[in-house]
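Asker: My questions all concern the structure below.
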Amino acid sequence: MISKYVYWGEYPLSFAACLGQEESFRLILAKGANLDAQDTNGNTVLHLLVIYSKVEAFDMAYELGAHLSIRNILKMTPLTLAAKLARMDIFFHILKLEREIYWQIGSITCAAYPLSQIDTIDVKTGQISKMSALNLVVFGDKDEHLELLDGVLVDLLNAKWNTFVKSKFYRQFFTFAFYFTVSLVAFTLRPGPPIHTDSPKNSTNTTKQLKIPNATIQSIIMSVNISQQVLHNLHQAVNKDNSNDDYDVEEWWDNLREECRLMNLDTTESLVRFTAELGITFGAFLYLAAAVREARFLGLRMFFENLMTAPSRVMFLFSCILVFGVIPSLRLVCMDEVEDIIAVVVMLTTAPYFLFFCRGFKTVGPFVVMIYRMVLGDLLRFATIYMVFVMGFSQAYYIIFLSFDNPLTPEDVDDSATNPMSTPSESIMAMFLMSMTNFGDYYTAFARTEHEYEAKILFVIFMAIVAILLINMLIAMMGNTYQKIAETRNEWQRQWARIVLVVERGVSPPERLKQLNVYSQPMSDGKRALVLRLNQSEEDKEEMKDILEIKRRHDRHNKIRKDKLAGINTDHTPTIKVETKPANTFMI
């Protein structure tokens, strides 16, 4: 029984090429087969040979006239398909087939690599090309993609970096560092809640009872009522004379300053804090406006895909939303306690944005990658198993501590205040602390329950499974992840490449097209190309001669095919036309 499908293409020509049957391939081609015929997936012979990484058969098909520019239904050419599938040998081989040699002096060769299929910037519109070879390699999820980050792709990334990405990257870094510094000033100078002091217990109040006649009391009440009415009339008169908007706003502002501690600007420190708060609010608005602008010319789908590559940037944009949209609203309604909680969330989601920039530096970039991998891989798997044991043991201990009795408290006093696991949530926290080997207070409390021995047996089992087994397993998994990333040769280079492309996506299409014209040069046919000077060995020069010969044969066969399609006889022998004359003569 066949459990898997095999894909050899839908034409005999593709089948013969994939199996390396050169004679059958040439025979089928001589019988009129089309080298560029596409199947239902849009794949040609060259696409199939890329899938199976047949370099020699690829050269044969290309030499006989197959084209490298045909795209399948996924909009992939043979080059980009090789980048997607991480076919290293054939990928670099196609790059050599497409390049154009300008000159050669000794071991130095000047070559031009067309950018239409390689670069992430579309050479016509300046839009981001998701199906470019560079984009597919940099954002590829296979380890083999790291081997493709060499040669032309690295040179292209360096050209982008030196042309415009480097300056924009450092500008963003120093801008965020300044924003973060201002936010530190704003949040560290926040005043605390007012301290409510009760009257001293040992103070004494002296109360004297006065005996006043009833007539006197009545006269006092009447005078107070008259005074209140006069004051009320005066207050109405004042309001009538000053009933304008400026007075209302000023009165509202004064009341807000009195009621809200964060709006009290009587000291220099509070003025500095308020100025810093205005600064970060304006900065958050600029960051959000830049994100909206980027989403407009990238499209929402690519914008969110771009955010997924940088989780710290997602957290930072979330903090900007809180700073610009939530905190000012809470300030106006004087909800200080809620604003304090939001301020804590803002600082916790702002600081990790430094990790985004750290990925661009070789000294700390690999460690940022390790943190991401450990959190999303090792720590997530560990937390799943860890919570299973914590939840089970915590509920068992909660039931045991229902019988907790503190001998230091009287019989009629509730012991819940001294019970270390009085609620289910407290028992969960206690299990977490015990797994961190902080169990001194809990172990001594076992003797104050009615299930002391059961509690100690569960304690031994819990410490053996969680504190010893699971914690050390987590350490081993993290150590393995660290070793794998440290031994990977191009891992930091991939992270740096992603930073380059993420920063590039934040540039508008006209500006991207302008920068493309800076680091590229026009070829003889008008296409943009990256011109490089290569230091080649003798083996490389021999390979270059073979490739040049293959390209000459490719051009000759293409010319023959075009001539046949145009109905022109390609035989170069003299053509004799015999014309019968009445005088039995003939003309050549």
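Placed from the backbone N, Cα and C atoms, the Cβ positions cover glycine too.
Keep in mind that TrEMBL annotations are predicted by a computer and have not been checked by a curator.
What TrEMBL records for this protein is below:
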REPEAT    8-40  repeat 'ANK'
TRANSMEM  169-189  transmembrane segment
TRANSMEM  271-292  transmembrane segment
DOMAIN    285-489  domain 'Ion transport'
TRANSMEM  313-329  transmembrane segment
TRANSMEM  341-358  transmembrane segment
TRANSMEM  379-400  transmembrane segment
TRANSMEM  457-479  transmembrane segment
COILED    527-554  coiled coil
Asker: Count, for each of 313-329, 341-358, 379-400, 457-479, the Cβ pairs lying under 8 Å from the transmembrane segment (169-189), and report the range with the highest count.
Answerer: 341-358
Asker: Taking helix as H, G and I and strand as E and B in DSSP, count the residues of the repeat 'ANK' (8-40) in helix, strand and coil.
Answerer: 16 helix, 0 strand, 17 coil
Asker: If we skip the immediate neighbours and take only residues 6+ beyond the ends of the transmembrane segment (341-358), which ones have a Cβ under 8 Å from one of its Cβ atoms?
Answerer: 169, 172-173, 176, 180, 183, 187, 190, 310, 312-313, 315-316, 318-319, 322-323, 326-327, 330, 364-365, 367-368, 371, 499
Asker: Need one number: mean pLDDT over the domain 'Ion transport' (285-489).
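Answerer: That region's mean pLDDT is 86.
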